[in-house]
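Pulled these from TrEMBL:
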TRANSMEM  21-47  transmembrane segment
TRANSMEM  67-91  transmembrane segment
TRANSMEM  268-286  transmembrane segment
TRANSMEM  329-350  transmembrane segment
TRANSMEM  395-422  transmembrane segment
TRANSMEM  434-454  transmembrane segment
TRANSMEM  512-542  transmembrane segment
DOMAIN    629-850  domain 'ABC transporter'
Amino acid sequence: MKLIQTVHIVNIRVARWYGIVSLPLVLLNAISTLVLYVFPAVFFFFLRPSHSQTPDQATKYLGIIGFYGYLFFNLVSLIWITESCLITVTMGERLVHLKKQLISLNEFHQHRLAHESKSAIRRITNDSFELINLRIRLPHTHTILQSNIYLRASRNECVFITGKTGCGKTSLMRVCAGLWPLDAQFISMPARSDLIFIPQRPYLPLGSLRFQVQFLLPKMSISNLTDAEIDNLFKLVNMDYILKRYDLNQVVDWSCCLSIGEQQRLSFTYAAWICCLGFLGAYSYLNYRLASQTGAIFSILSDYASSAIDLETGRARLQHEIPLLVLQIVGYAVFFSAQIGCGQILGSLYTQRQLTYISRLLLNDNDLTLYHTSNTLSQLPNILSYELAEYNMHLFYILFGSIYFNGILGVLILCIPYTYLLGSQKGGEISICIIYLSQLIFTCFILIALVPFYRANKQWETSFTALANAQKRLDLHAEQIVLSDENVIHIEEKYLRSQLDLSINSQRRAGYFYGLLVGVSVLGNWAATIIVYCIPAAIYFHLTDNPTVSQAGVVLTMSVFNGYLNGTLTMMNSYGYSLSQLWTVGLRVVRTFEELKTTIALHRRQRARELDTGKRIFFPTSTDQVLTLRNVDVCLPSKIILQKVLIRSLSFTLNKQSTLLISGPSGCGKSSLLRLIAGLQYNTSTSPNSCIQFLRRDSTVFLPQQLHLIDGTLRQQLSYLFESKDLGILVEDNVKIRDVLLIVGLEHLLDRYSLDVFEHRWSRILSIGEQQRLMIASALLLLNTKTIGCLVLDEVTSGCDEETERRIYLFLCRMAIPYISISHRHSLIDYHTHQLTIDPSKQSYTFVSLRSIV
């Protein structure tokens with residue numbers, strides 16, 4: 001919610017500046033009327049020599065006004081590329097800066113590798129691995145993790161590296177792999193092509209199970225791996241059950257399938273609507289007055305050309321009309337700029353409300369919507385990040401206009417007085433019919449051209465989204481990919497290039513159809529120019545009986561109103577791109593939102609059915625029991641194979657004096673059991689008396705395998721769980737923070753990063769073990785509040801050393817709080833009163849009582 005509020009404030013600021021920047025551009029466009037129709041009259045009546053101020057000369061002036069207007073329009077059109085120029089300069093500056101950073105980074109690493117090779121610091125040998133006087137230093141800092149490291153291992157020897165979390169074990173691997181600078185007397189190891197690195201966070205590429213098994217193999221060996229050999233490999237790592245769940249050739253995202261502020265007030269929106277409509281009304285009225293005033297000024301020159309008035313009368317009328325015209329032009333520009341700026345503010349308000357609404361749906365703790373939609377609605381991140389903002393921006397462009405065109409509301413309102421002004425002229429009815437008919441015809445042409453552009457644009461946005469997701473995936477798994485075999489890098493490069501080529505081809509095709517759309521639009525605008533000047537001439541020469549010079553002046557004045565009406569209607573020719581974006585983004589947003597609502601409704605029905613049938617019951621906080629399972633089947637959470645049972649008829653009970661250790665081989669259903677207890681999965685057991693009884697979510701804390709760390713200061717991260725339980729914003733007790741960090745072995749973070757000074761992305765700068773201990777520290781701070789009835793830990797100490805793990809569990813024992821742990825370490829048995837062991841081969845379990853807690 002805080003992020004949505006921040007984005008909303010930025011959008012409001014951008015909308016405000018959009019209106020301010022548009023003011024001089026709109027004013028310049030309004031001045032074109034002054035230059036086109038008023039300056040010729042001013043020049044003729046006040047600046048020409050008196051002997052040349054004759055009606056014949058006035059007639060010549062009337063003849064060149066059209067050419068004068070064409071020249072000025074072409075010069076003014078150069079100003080309208082201002083927005084595109086600003087965007088080009090801004091994006092170009094970013095690209096240049098990014099290019100310089102990439103070149104600088106590449107030169108730094110090439111210089112480093114060249115220095116290591118030239119000085120023989122890094123040596124290649126296939127028979128040994130040797131480190132001499134190695135020092136591990138954090139990149140771009142002076143922090144030294146380890147120094148004076150000496151290590152030697154020959155072929156057929158194995159080295160076990162151990163130590164406290166954060167001491168530099170993973171950093172040592174990064175130095176050896178060449179990811180970090182080498183600071184040593186020398187290092188001797190096999191060539192990079194002869195090494196395979198398996199990091200903490202495994203790299204799991206997209207593809208079938210067969211591809212996942214053999215993507216590290218050389219290309220010539222892939223075809224030689226039989227199904228029987230693959231089956232033996234899975235049996236070797238005790239994962240043969242995977243072959244029963246998934247087909248070898250089924251493409252799956254294995255990284256997902258395998259384990260490891262306030263809504264904007266309505267009154268403010270209403271006020272923005274009132275202001276926007278008020279500006280629209282004021283702008284429309286001034287535009288109407290501007291058209292009337294322009295016609296009146298233009299008629300002065302035509303009246304004098306027809307000898308209807310004398311020279312002094314023309315001067316007097318001109319001196320009276322010009323000041324009013326200047327005021328109307330300034331007011332027109334001001335109110336139109338305020339109108340389009342207020343329209344974008346309205347778009348920002350609606351974006352904020354929609355984002356807030358969707359975020360509340362996703363983050364509704366009772367429905368657990370975020371979990372249920374995370375693997376099914378792939379478009380949600382893009383919709384939340386920019387598509388809703390883009391949709392509202394183009395929607396209010398069409399409604400209230402942009403720098404380049406007036407909105408549909410303004411067009412419809414202005415057509416009424418312009419039609420009246422034109423209809424009041426002799427022969428104006430014919431002009432009105434021709435103008436509306438021609439606009440209808442070109443609107444149909446534009447809609448026809450819009451269809452192929454929409455399809456091409458939709459295909460381009462889809463391919464670009466796939467490219468962006470591929471880039472995000474590479475960024476997320478950058479270290480794992482680099483540490484993998486060179487063949488892996490080629491695979492990812494090939495996939496990224498294929499997505500890039502698809503995106504470029506789609507964009508090129510969309511560009512072709514966009515050119516067609518623009519061509520039809522420009523053709524309509526030029527046809528409107530013909531209508532403006534040809535219709536009055538045709539009316540004068542073919543439909544006027546006994547035409548006179550005086551009637552010619554009236555017809556010329558009619559061309560002014562003709563131009564205003566036709567120019568207003570041709571604004572609709574500029575809606576093509578915005579309509580396409582509304583069509584493309586709108587359908588995607590609506591479709592995704594319908595899927596979201598369907599998903600929410602489905603899981604609400606399942607949850608209600610679970611509660612109504614008594615298959616899930618929540619204990620009151622006063623009860624002595626914590627967890628009771630009776631004849632519960634634990635199933636695989638997968639849409640591929642429904643109701644795949646992992647554990648059958650699970651039954652046991654825990655009270656407030658109990659603690660439980662859940663153990664078993666990987667993939668046996670330990671994490672699935674915790675999801676079932678937490679309510680992320682539903683109790684679908686067929687047994688009539690099956691039931692799950694547990695404490696409510698607000699009195700429990702779950703620490704899953706995949707930890708979520710925020711971006712912020714150390715105090716904000718430590719207060720994350722504290723704030724989530726509505727116990728305050730920040731933990732202010734510095735002594736308590738230091739004590740908890742000392743328990744989990746992270747007291748060095750206080751000196752290295754401080755509590756409040758700097759914000760950090762903790763998921764990037766800390767090792768896996770440090771991340772686990774940081775989240776445990778957040779949970780331990782929460783336990784001191786006495787509001788938590790149970791703590792659930794899903795292998796969150798797997799990256800901790802045994803001493804740190806012992807201190808954590810001793811602290812939990814002293815707090816006398818029930819907790820449930822998942823772990824493969826037998827040493828944790830000493831800190832639990834009960835143990836649940838799962839046997840996946842028989843879909844069974846054993847539940848035993850243990851000796852007293854240490």
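Start at 1 and count along the chain as shown; that gives each residue its number.
Each Cβ is built from the backbone N, Cα and C atoms, and glycine gets one as well.
Show me how these features fit into the shown structure, please.
Counting residues 6+ beyond its ends, the transmembrane segment (268-286) has Cβ neighbours under 8 Å at 328, 331-332, 335-336, 338-339, 342-343, 345-346, 349-350, 353, 400, 407, 409-410, 413-414, 417 in the same chain.
Long-range contacts of the transmembrane segment (434-454) within the same chain: residues 510, 513-514, 516-517, 520-521, 523-524, 527-528, 531, 535, 562, 565-566, 569-570, 572-573, 576, 579-580, 583-584, each at least 6 residues beyond the stretch ends and with a Cβ under 8 Å from a Cβ of the stretch.
Summarising model confidence by region, the domain 'ABC transporter' (629-850) averages a pLDDT of 82.
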List, by number or range, the same-chain residues at least 6 past the transmembrane segment (395-422) whose CB is under 8 A from its CB atoms?
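Distal contacts: 18, 21-22, 25-26, 80, 82-83, 276, 280-281, 283-284, 287-288, 291-292, 295, 336, 339-340, 342-344, 346-347, 428, 431-432, 558, 561-562, 564-565, 568-569, 571-572, 574-575, 578-579, 582.
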